[in-house]
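Right, one structure below, let's go through it.
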Amino acid sequence: MTDSFVVNRRAVVAGLGALPLATAFGRPALAQGAADVPLGMVLPFSGATGSYGPAMKQAADLVVAKVNGAGGILGGRKVKLFIEDSETSATASVAASKKLLEVNKVELVGGFWGSPEALAAKPVILAANKVQMLSCAANAVTEGDTKGLIYRLQAKSSQWGPAGAKVMEKIGAKKVTVLAQQNPFIVAMVEPFKAEMAKIGGQVMDVVMYNPDQASYRAEVEKAFGPEPDAVFVLPLLTDMVSIAKEIFRGGFTSKVVSLGTGADAEGKFLQAVGPEVAEGIYHLQPSPPIDSPSYARFVKEMGAPEGTVFLFAGNAWDQVCITVLAMEHAKTQEAAVWTKSVREVCNPPGEKVDDVVKALKMIRDGKKINFNGAGCTCDFDEKGDSINRSFYVQLIKGGKNTPVGVVS
Amino acid sequence: MIAYLITITILVCVAALVGLALNLQWGLAGLVNFGVVGFVAIGAYAAALLAPEIGWLPAMAVSAALSAAFSAGLALLAIRLEENYLAIVTIGFGEVVRLVILNEPWLTNGALGIADIPRPFAALGDAVGGDAVFLVFAVALVALAFVTLEGMARSPFGRALRAIRDDATVTSALGKNVFALRVRAFAVGGAVMGIAGALHAYYLTYIDPGQFTPIVTAYAFMAVIAGGRGSNVGLLVGAGSIMALLEGTRFLKDFITVIDGVQLSALRLGLIGVGIVLLLILRPQGLAPEPRRRTSDVLPDRTTRS
Amino acid sequence: MAVQLFFNGLVTGLLIALPALALTLIFGVLKFANFAVGSMVTLGAYAAWVANVRLGLPLSASAAIAAVTVAAAGVASDQLVFERLRERGSISLLVASMGVSLIIENVCRFAFGNASRGFDVAPSRPIRWQGIRINQEQITTAAVVLVCLVLVDALLRFSPLGRAMRAVADNASLAAVRGVERRTVARLTWALVGALLGVAGVLSGLDRAIDPLIGWNYQIPIFAAAILGGLGSPLGAIAGALVIGVAEEMSALVIPTNYRQVVSFAVILALLLFRANGLFGAKAARR
């Protein structure tokens, strides 16, 4: 057994050693053909964050269809999108990413709603020299060596926290408590929030943490709202926010509630689940998509959502595909290590502003310098791949509707 | 494709180690352990925290020792319990471990997890070459565990455990120290689970509490049931076929697009449930059953009687 | 605040009382720990949701539909799975119930997705009484649970089914000799247990959001309650549920809330260590 194994292993290693050479020679020939350009995404469809995946998949599928319908990229080649379930699990995401990279030969592994999934898949994707695009918030993902291959379309945790404090200032809340789920996206917000509160002369009286998947949140709500603070900064995901909001309402608490779009909006799912009465008076913030632009309105319509829906993650998935095809067109290759250098070229100013991906592709072909603005953000990136110029859009739920309060940055 | 298969095989190795450990505890000794994931997590975190300090191999040894110590401790407290109670105590233990690693950031970095865990053999070559060497190491570990546990199963210790599983009262009457034997079985199983956890941490190079959910335990049970309780060969077959089933469904949706992602994931997990139930009903002896005759081949399962 | 938490704890306890009772009945009659209780609660919540939101029925009618649906699921799972394994010993049944749990949970996920849902019921502000806040759902929950408990108690005490269940629980083979057919008793027990779990699902859905993990999240408290009461003792299960509910909620006063979930486990462990047979009921040690 051992002998044959050694032989096998040698054969495998030799074969693998030859692989990069083969691909290096094979690529140009391939690029001239009409083969599809494979892209991949790892999205959550099951587990604790399973409710966020479907809209992202829908958006990505839509934009791929749009690009292909308009003649594809790189001289008529079609984009083919492969989507894997992250199972809200880092382990599953590694297997999924490997499958995308090695079997489907994707140039982009995008999606990544959750930070643990992104952190676990990061070494795998970087080792393959492909691009990783994120819709998650934990600072750690873009820290360390990113080889210039990582782009985050979401705001970082450390940006969310201070934004929350500014909302507190806006609504005149001085004494506040924090009620937060123990997860990597949220825990990184708490300290920056406290620091910013101190700066604006407020006081954080208590931080109440809870675990995902609890049977009830009665005791936690009691603890956070019991001391009657001016406002409570509630940092949830969707499922727990539905329970917590019910608890707050039934408890008859009077403190104001400032929450996150991840929980208290979730692209309209929150209101659907709790109804207008329970949701009344809850403030929530999220990194703002270009709400007023016609292209965003078009995006909402294409998603089949009611007018004015603020998409938080679906827009990220949409933009990930857009940025990738634009950068590929700009670099005139599907090779990730090459087109990653084009990402800032097509996304950051200066350049003619454009938000329609088909139009943008055409402009690139015409040799124009463009500045792409997406459906989820302006898509401008710093050298670490974090998106810059993030402002947060604050809404108040009133009469069963999200009503804009303003923008903080 | 090859690199993907290497990844899957390494994950199978981790699952196989966990399964082998559970097969000793539950298959051979009849001790149900629904807290498998807790011991794997302890091993993984010990390895992740210690590897940068003392090197990966010593850290792995500590993982095994620590996990074994926790196993022995839990066994000392709870092993005398009737199995329905042992089941819930162990499930609770697994939950407590998860809560502690989630809520003690000074030690475990909490929900953010531990990134950049040094991977053994990373220095040897590029990612693919490194993976291949890692695979050899993982397979070697499984082989080592297999040989050790198989040897144990054939030893007087293993025979005593099997006798206890089949009839504890008689074994006790024959002068065996049932309690001590059970604690030992639990501890050895814990050590192997700890090693599996360390291997998992080294391969992924990133761990977080979300990786250690009860589904890990469910897969381990499925592997043992599929392979046949008490059979180590069967366990390897079982662990391999479950991973093949799970990963195989990934390819399904590249071709079938009628169901959405949520439904597909529900289908995958539901199929695991169907698999457990069908195997229990149709092939209780497993795919590769324990070879030797035992009392329960002749008599109904008596482990529940006390 | 302590009084409020105590009160909240009683309500939480009542919520887990029905599943704990269900668990204990199955254990008493069929001698295995049914890990599918949680998923059956989930099924009940979704069945009621379909009736209430999709079909527009009032919640009471929806609860009845949930009870019937889960009862049918219980009987079906007995017929398809558990009956075939009955002679294999409790551990096979227990592992099989894990499998059944995965199946039911994922059938719900397949049909309804992961999004949180709520019943079409107008929420209400609390009534204030002696400084405690009491809300409408809590009153409903308490009333429903108490009625269910009285009915189950009467059933167990006075009906032929109750006598048969107790006979099988005491000694299945002896009961068989005396003409009590185990299979029928098992089926009826499953139907009863299913109905209880269905109602529990509705109450849980009323209390929080409905999602595929709603029942699973109650699993450990449910087991803790049933074990605390001594598996197999109906009265014990209810007492256990109240103790667990109060202990979990009140623990917020002394330990950080993020360790609240440990309370159930700590109670089980302490109890099993110092009093190996629960507050009531059977012996937990092997010898």
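The backbone N, Cα and C atoms fix where each Cβ goes, glycine too.
If you check TrEMBL, you get these features:
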type	residues	note
TRANSMEM	B:6-24	transmembrane segment
TRANSMEM	B:31-50	transmembrane segment
TRANSMEM	B:56-78	transmembrane segment
TRANSMEM	B:85-102	transmembrane segment
TRANSMEM	B:132-153	transmembrane segment
TRANSMEM	B:185-203	transmembrane segment
TRANSMEM	B:233-252	transmembrane segment
TRANSMEM	B:264-282	transmembrane segment
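Here the transmembrane segment (B:264-282) has long-range neighbours at 215, 218-219, 221-222, 225-226, 242, 245-246, 249, 252-253, meaning same-chain residues at least 6 beyond its ends whose C-beta is under 8 angstroms from one of its own. Highest Cβ contact count with the transmembrane segment (B:6-24) among the listed stretches B:31-50, B:56-78, B:85-102, B:132-153, B:233-252 falls to B:132-153 (criterion: pairs under 8 Å). The stretches the transmembrane segment (B:31-50) and the transmembrane segment (B:185-203) meet in space: the count of Cβ pairs below 8 angstroms, excluding pairs fewer than 6 apart in sequence, reaches at least three. In terms of C-beta pairs under 8 Å, the stretch of B:56-78, B:85-102, B:132-153, B:233-252 lying closest in packing to the transmembrane segment (B:185-203) is B:56-78. Between the transmembrane segment (B:56-78) and the stretches B:85-102, B:132-153, B:233-252, the greatest number of Cβ pairs separated by less than 8 Å involves B:85-102. When Cβ-Cβ distances below 8 Å are used as the criterion, the transmembrane segment (B:85-102) is approached by residues 31-39, 41-42, 45, 74, 77-79, 108, 110-111, 209, 212-214, 217 of the same chain, each at least six residues removed from its ends.
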